[in-house]
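Annotated coiled coil per Swiss-Prot: 24-68, in sequence order. Here Swiss-Prot flags 136-440 as domain 'NB-ARC'. Summarising the annotation, Swiss-Prot assigns ATP binding site to G179, M180, G181, G182, V183, G184, K185, T186. Annotation source Swiss-Prot lists repeat 'LRR 1' at 516-537. Summarising the annotation, Swiss-Prot assigns repeat 'LRR 2' to 538-559. What Swiss-Prot lists as repeat 'LRR 3' is 571-593. Taken from Swiss-Prot, the feature repeat 'LRR 4' applies to 595-617. The repeat 'LRR 5' annotation in Swiss-Prot covers 618-640. Among the features that Swiss-Prot reports, repeat 'LRR 6' is placed at 641-663.
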Amino acid sequence: MGISFSIPFDPCVNKVSQWLDMKGSYTHNLEKNLVALETTMEELKAKRDDLLRRLKREEDRGLQRLSEFQVWLNRVATVEDIIITLLRDRDVEIQRLCLCRFCSKNLTTSYRYGKSVFLRLREVEKLKGEVFGVITEQASTSAFEERPLQPTIVGQKKMLDKAWKHLMEDGTGIMGMYGMGGVGKTTLLTQLFNMFNKDKCGFDIGIWVVVSQEVNVEKIQDEIAQKLGLGGHEWTQRDISQKGVHLFNFLKNKKFVLFLDDLWDKVELANIGVPDPRTQKGCKLAFTSRSLNVCTSMGDEEPMEVQCLEENVAFDLFQKKVGQKTLGSDPGIPQLARIVAKKCCGLPLALNVIGETMSCKRTIQEWRNAIHVLNSYAAEFIGMEDKILPLLKYSYDNLKGEHVKSSLLYCALYPEDAKIRKEDLIEHWICEEIIDGSEGIEKAEDKGYDIIGSLVRASLLMECVDLKGKSSVIMHDVVREMALWIASELGIQKEAFIVRAGVGVREIPKVKNWNVVRRMSLMGNKIHHLVGSYECMELTTLLLGEGEYGSIWRWSEIKTISSEFFNCMPKLAVLDLSHNQSLFELPEEISNLVSLKYLNLSHTGIRHLSKGIQELKKIIHLNLEHTSKLESIDGISSLHNLKVLKLYGSRLPWDLNTVKELETLEHLEILTTTIDPRAKQFLSSHRLMSRSRLLQIFGSNIFSPDRQLESLSVSTDKLREFEIMCCSISEIKMGGICNFLSLVDVTIYNCEGLRELTFLIFAPKLRSLSVVDAKDLEDIINEEKACEGEDSGIVPFPELKYLNLDDLPKLKNIYRRPLPFLCLEKITIGECPNLRKLPLDSRSGKQGENGCIIHYKDSRWLKGVKWADEATKKRFLPSCEHRLERCETIFED
C-alpha cells in the first residue's frame, strides 16, 4: 500500500491567469492596441491643429496664449515623437509574436514594446479628452517704464520744449533728431520718453529700442516683443517674417510711441512689423541719428538738429562738472577754466569729460598745462582717447568709401574755427587724387560737392559762408582733433600730419623723422624765410598760405624761399603759398617738385613765371588770382597738362602773344580772368571765352578812354560769375538762348552808358544780381527786347536769391509784370528815386518763416512804392527794413 498525498493547484493557476491577463495582454493585444494608438493619435493631432488655428487668430489680435495650453501643446509634441518611433518598429515587433500572439521569439523585448504601446495609448486618450474653453488672455504690458537719465544738460530745456511741442502736434507722425556724436541726442530722447511716462497723453504703450550701427531687424523685433509681453518659447520659434506679422497685428489696434535711439541706416518699419505712424492715427515715432540722410530716409523731411551749446551755457555746464571748490581754490582758475571750456566748442560730451578731469586740478600750473596739451595735441588729454574720440570715430567708420574718409581727414589741415572754402578743398582733393579727375574737372568737382554734402549730413562738417561770401564749411574743434588722431594712426604716428596752422610759429617746426610726414599745414603763421633742405620723401601736401579764423583773416608772411628747400619732396602734389604778399619770386629749384599738380600763388607779389615753374610738367592747377604785380605769363604754354588757370584780379596786360600762348593749352578746361575793355583779342577768342568761368571786365581809370567799350557780346555756357566795373558801355548783347546756362552771379559797378540788362533773361540759374552806380540804366529787363525771350516761354529769375540796386537815378523798371521769384530772399534798394514799382505780387518771393525781406535806404522811396494790389502790400510791407548804410557791391582788390 503506497503513500498518497495531494497538491492544491488552484492558487498557481490563478497567479498564471492573472499574469496572462495583465502582462500577456501587452503582446496578445499588440496589433489591436497599435491600430487604436494610430487612430487616436490622428484624432489628437486634428484637435491640436484646430486649436492652433484658433490660437493664431487670437494671437493676431494681440492676445497671449495661456501657459496651461502651452504645456498641453508641449506634451502633445513629446508623445507624438514617441509614437512615431513606436509605429516605425511595428512590423518587426508583430513578426516576433507566436502561439497565437501569447508568446514571442524575444519575450522581454515584445513585452516592453507592448507595454509602451499600451501606456502611450492611455496618454493619448487622456490628452485628447482634455477640454479648453479658453486658450489665450490679454497680454500684460507696462505702458511706460521710466528710463535712467544722466543729469539734464544745461541749456537743453529750450530744445526739449521745442521737440516735445513738435512731437505732440497732430500732424507729426515721425520726428528725427540729428547731430554730431556727444551733442546730447540720446539725453534729449530719454527726456522725451520720460515725459510720456509722467503724462501718458492718451497713448497705450511707449517702446524704447537702441538700434546702433548694425541694423538687426530681428533684434529690434525681439526687444519690442519683450516690452509688449509677447516673448517666450513660442516667439523664438517664429522667423523674422512671422514675428513682423505678429507685431503688426498687435500694434495696429494700439496707440503707441516708438523711440529708436542711434540710427545709422534706414530702418524699414514694415519689415519690423511696426505700423507707419504717418498713416496709423495717434501713433508716433521719435528717433536720433548722426546723419541727416537717415532722418530724411526715415520720412522726416525737416528733422531737428541738436546743436552744440552756446558759449555761456557751455561754460555753465563746465563749471558744474569742475565744481565750485576747485574753481575757488585759486583766483586765476576761473579765467583759465573759461579757456578750457571754450576748447570744447559747446560739445556736452567734451564738457562733461574734460570738466570731470579738471575737477581735481586746483593749481594754476595744472590748468595752464591742460591748456597747453589741448592746444598742442588734444588726444593726449586725459579722457580724450578712451571716452571722447572713440565715440566720434563711429561717425568716421560709418562713412561710405575710403575717399570720403580721406576727404574728412584732409579738412583737419586747416586751422581751428577756419572757414574752409568748398572750392579750395575740392581742388586739393582732385590734385591729391582723393577724387578721380580723369573724366574732367567739372565731373570731379561734382563728386567733391557730393562728398562735402555727405560729410555735412553726417554732422562732421558744418556749412557756412566766409568773409567774402563764398560757400564754405567749418570743422568742429573736437571733430578736428578726432581727425588728427585718426590721421596719426590713433596717436601712434603723430608726425604723419604736421598741423601748426595759425599758431604764430616763426620757423619750420622740428620733426624727428621727416620721412614719415605725409601732409603739413603751416597756414597763417609768421615764418619769413623758408631755408634748409628737409627729406620729406612722403610729403604730398604743403600748405603755407592764408587762414580765416571766425571773423579774422590772417595773412602769411613768407618773403623768401631758399634754393634747396624743394630738393627732397618728390611726391609733393599740392603746394599753397597764397597770401604771402611779400613773396616776389620762387627759386628755380621748384622744378624739383616733379609730382606737383597744384600751385597756388594768389595774393602774392609774383611778377612772372620763373623758368622753374615752366618745368612743372605735371601741374594741372595754377592759381595766380590777385597777383597785382604780375607782368607776364610768358612760358605758360610749356605747362602742357594745365587744366585750371586762375587769373582773376591779376591785372595782367592782355596782349596778342598772351592770348595766343593760352590758346595752345589744349587741356585747359577752366579759366578765371580780369581784362580791361581794350582786350578785344581775348573777347574774340572763342577758345578762351568758352572756358571762362569767371570774367571781370575792369577799366583801370574812369577818366581814361581805355575804359570805353561800345558793346559786348558774350557767348559761353560755362560762365558762372560776370563782373563789369568802371567802364563805359552801351550794350551787353544777347546771344542764343543757351548762352548763360551756368551764370549764377552778376555784378555791375560804375558803368556809364548802359541802359538795360535784358541779356539776363537768358540766365536761368542766376542767384545774385548787384547793380551799383550805373547812371544811365533805365531797365533791368527791357520790354521790347524781352519779347524774344517770352516767345520762348522764359520766365526771368527763377532761381534769384539776392537783388541789390543802388545809385541808379534813371532806373524805372525791373520787369513789367509780377514774377514768381520762388527763391528770392532779399531785395536791397538804395538810391533809386524813379523805381516806383517792384515786379511782385502776393505770391512772389520765398515763402515761410524766413521769407523774402526788402531793405531800403530812403524812407521816401518806401512811401512812394506802388504795390500791385492790397494783398501784395500786406504781404511785403511788414518785411521792409530801413537800412542807413550805403548799399554797394563789395569786391576783392
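These residue numbers are counts, starting from 1, taken along the chain as shown.
Cβ coordinates are placed from backbone N, Cα and C, and glycine is handled just like the others.
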Within the same chain, the residues 6 or more beyond the ends of the repeat 'LRR 1' (516-537) and with Cβ under 8 Å of it are 410, 413-415, 487, 493, 495-509, 543-547, 549, 554-562, 564-565, 567-572, 576
Other than G179, M180, G181, G182, V183, G184, K185, T186, the chain contributes near ATP (Cβ within 8 Å of their centroid) the residues T288, R290, V306, L347, P348, L349, S459
Beyond a gap of at least 6 residues from its ends, the CB atoms lying under 8 Å from the repeat 'LRR 5' (618-640) belong to 427, 430-431, 437, 578, 584, 594-609, 611, 646-653, 657-658, 661-662, 664-667, 672, 892-893
Lying 6 or more residues past either end of the repeat 'LRR 6' (641-663) yet within Cβ distance under 8 Å of it, the residues of that chain are 427, 437, 441, 602, 617-628, 630-634, 669-676, 678-679, 681-682, 685, 687-688, 694, 696, 700, 892-893
For V183 (ATP binding site), the nonlocal same-chain Cβ neighbours (under 8 Å, six or more residues apart) come out as V306, Q307, C308, L347, P348, L349, S459
Its Cβ having more other Cβ atoms within 10 Å than any other among the binding-site residues G179, G182, the winner is G182
DSSP tally for the repeat 'LRR 1' (516-537), helix/strand/coil in that order, comes to 1 helix, 5 strand, 16 coil
Between the binding-site residues G181, G184, the one whose Cβ has the fewest other Cβ atoms within 10 Å is G181
Across the repeat 'LRR 4' (595-617) the predicted model averages a pLDDT of 94
Cβ neighbour count (10 Å, all chains) around K185 (ATP binding site) is 25
The correct three-state DSSP answer for K185 (ATP binding site) is helix
Mapped onto three states, the DSSP assignment of M180 (ATP binding site) reads coil
Close in space but at least six residues away in sequence, with Cβ under 8 Å from that of M180 (ATP binding site), the same-chain residues are R290, C308, L347, L392, S395, S459, L460, H476, V479
For T186 (ATP binding site), the nonlocal same-chain Cβ neighbours (under 8 Å, six or more residues apart) come out as D261, D262, T288
